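Worksheet for the structure shown next.
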Amino acid sequence: MATIFKRVRLLNEQGELIQTDIKVAGGRIVQIAHDLHAEADDEVIDVDGQFVAPGFVDVHVHLREPGGEHKETIATGTLAAAKGGFTTIAAMPNTKPVPDTKQHMEWLVNRIRETAHVRVLPYASITVRQAGKQLVDFVALKEAGAFAFTDDGVGVQSARIMYEAMQQAAALDMPIVAHCEDETLTYKGCVHDGSFAKRYGLSGIPSVCESVHIARDVLLAEATGCHYHVCHISTKQSVRIVREAKQAGIRVTAEVTPHHLLLCDEDIPTLDANFKMNPPLRTKEDQQALIEGLLDGTIDFIATDHAPHTKEEKSEGMVLAPFGIVGLETAFPLLYTHFVEKGICTLKQLVDWLSKKPAETFRIDGGELKVGAKADFVVIDLHTEQAIDPNTFVSKGKNTPFAGWTCKGWPTMTIVAGKIVWQKGRGE
């Protein structure tokens, strides 16, 4: 038995929208053609001319389980991913316990298998308990199912530890993924060291806090040959360092978040902790450098850094509240409305940044719509306008700075391995 998705509109290689049908069987796309004939036992789903994109791939998601289930679970986080059109996500390791041993990783892999709605690739930590002192057993964790290695949530403070981590990762041909933050330069800040911090008398986090770590790690990547990936890049200096590293032939890649592309510290209206994230919103100049870096290929793709927290935690105020915002359910509508519709980028560029590019960067089987590919894709209504309402999120986290923003480009159906895992109006 096969499933035929009729009257889909998808992008061809020239970036033009064409109408066709997609036939799926055995979890793979087996045919893409006009007016496909359905056999008696085939299921037919009429998409009614809506846009179909490859399932989005997000390599930066905090699912909080184990240990933080009051914020999010694998089940709720992956349902939020499905609602946002993401069919593959990578789970960050800042959980309790940290996936820093074979046993912890095996538990996580089994839990994902039992409860996830989409494909989940689990990160292992770089150091034991993410404490930055002792390296994990890289070989054992890879064998247990680790996708890559990161201490995201904190930066690796020791150059020696990072150097030795890159040596081990390079030997296994696996990436080191870095949250870049020199803790001696954070000044215990809660926002960027800029206009907003000065207005409210807050301690600010300077841009150099990030860029000095990237500069260090680029040299370590050059010395080891390791694939080094920069998380949530946020400053113009960081973009310059990554650009120069790529020009020098160093294996460096980088991601940027929707919120750093769409907001700067001038956009923070009040002491609202829904605008508190790490790295913080930077200057307008930094924001423009991020956009330019994405457009010229210095920055490889977009990742959400989905970081759910409870309403109570975010109500503690800008200084005390935890860093982080949610992003899985709003990424595409926000970027389609404010980038594609405003002519900053094309629809094909946006889709590639959310699917093909991260898949290529991390050698993930996905991110493309073609015969033989996994049948992971998303159906999107490009025309209906809708305001972002956190109360409708399926994520446990409602912490977004984009509440009330009106957007187009809302997913209506998400398919993983040929099966519908989320559909608008069904089970919401």
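A Cβ is built for glycine as well, from the same backbone N, Cα and C atoms used for every other residue.
Of the residues H104, H227, H232, Swiss-Prot puts just one in the Zn(2+) 2 site with D152, H179: H232. Zn(2+) 1 is bound by H60, H62, D152 in Swiss-Prot, and the record lists one more residue there from D300, D305, D352, D365, which is D305. Across the structure, N278 (substrate binding site) and H232 (Zn(2+) 2 binding site) place their CA atoms 9 angstrom apart. Ranked by how many other Cβ atoms sit within 10 Å of their Cβ, the binding-site residues H60, R64, H232 place H232 at the bottom. According to DSSP, D305 (active site) sits in a coil region rather than a helix or strand.
The Cβ of H309 (substrate binding site) has 28 other Cβ atoms within 10 Å, all protein chains considered.
Taking the C-alpha atom of R64 (substrate binding site) as reference, the shortest distance to any of the recorded positions H179, H232, D305 belongs to D305. Using CA atoms as reference points, the binding-site residues H60, H62, L63, H232, G324 were checked against D305 (active site), and the closest is H60.
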